[in-house]
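Engineer: Sharing a structure here in structure tokens format.
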């Protein structure tokens, strides 16, 4: 289906590199938009997934299986939420979070942020900000309103006893790799507690990348609900909604959510991340970029945004021609979301090449 423009055709990947149909190699600094945290074709992950395919793939949500228990055990090394609801994509995790918030509070109003991105299904799209994603799909789900990101006074005015939940990204991804201010996050936590509303942290993109399992950990704040996706399964479609809320059995479900193959993907990914300390190491790999056309560098760890004085599109194309894959996050931001396995010297070489392109192209 012609939903996307024709672009580079990739045929295989290994580690931090991918190859096109002509055999040309590219350094992959976008990793499927933050998905392939272990890189491409990680041998241990591939072996575990291959063995699982020969064992059992889908069992249905009404049955127990060892893979789920193993996944929960691995997850317990990172977080201590009481309940984990599994889906197949980040947008499903957000949909679940919205449902849970409305069910738990008996309220319908959801406060979201300007420049936020939470997904493209109807509920998550209602929390998403950009007009280009929303246009043509109205009317969207009622009860959503947006406030300026990092604006404490706007939050104080918007969050009331009518609010079911506030949803935000600790680091806005599509919005330009913009970290939340500490005062803003703590204000959201205080305000939601004061009025009996819930705080939802969307970690679909920021999870795993900032030096901590969840980016929200940098703020010393515990959300009521956390959504995860993308890298949590290293490329296999899976998502998690984490909460201490007890949702009545049967109120939410998924045919494929929590299937044995998905649980295997998460369990193996988390095991490798923990053993090799890849999450902690990612926090040490943040890079600053400089040059006449660079305004500043934003982000944490391996979630990096290079803010430019000019539109980023031409630079993205030029980097592809030189064998480096990146993408944009807004009109003037180059986004880097490399695999967590990337080595420091490879990153340094990439930084020099990127700065060279930024300086060469008018």
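Every residue gets a Cβ built from N, Cα and C, even glycine.
Taken from Swiss-Prot, the feature pyridoxal 5'-phosphate binding site applies to 90, 91, 117, 202, 203, 204, 205, 255. Per Swiss-Prot, the feature substrate binding site maps to 120, 254; the stated evidence is sequence analysis. Feature annotation from Swiss-Prot assigns N6-(pyridoxal phosphate)lysine to 230; the stated evidence is sequence analysis.
Context for these features, please: burial, neighbours, distances.
Structural biologist: In the three-state DSSP reading, residue 205 (pyridoxal 5'-phosphate binding site) counts as coil. Around residue 205 (pyridoxal 5'-phosphate binding site), a 10 Å sphere centred on its CB holds 28 further CB atoms from the protein chains shown.
Secondary structure at residue 120 (substrate binding site), as computed by DSSP, is coil.
For residue 230 (N6-(pyridoxal phosphate)lysine), the Cβ neighbour count at a 10 Å cut-off comes to 28, with all displayed protein chains included.
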Engineer: Between the two most separated Cα atoms in 90, 91, 117, 202, 203, 204, 205, 255, the residues recorded as binding pyridoxal 5'-phosphate, what distance in Å do you get?
Structural biologist: 26
Engineer: Only counting partners 6 or more residues apart, tell me which same-chain residues put their Cβ under 8 Å from the Cβ of residue 90 (pyridoxal 5'-phosphate binding site).
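Structural biologist: The list for residue 90 (pyridoxal 5'-phosphate binding site) reads 119, 202, 204, 205, 227, 228, 229, 230, 239, given in order along the sequence.
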Engineer: Which ones in the same chain are close to residue 254 (substrate binding site), with CB under 8 Å and 6+ residues apart in sequence?
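Structural biologist: When sequence neighbours closer than 6 are ignored, residue 254 (substrate binding site) has 61, 86, 87, 88, 92 within Cβ distance under 8 Å.
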Engineer: Let me know the most crowded of the binding-site residues, choosing from 117, 202, 204, 255 and counting other Cβ atoms within 10 Å.
Structural biologist: 202
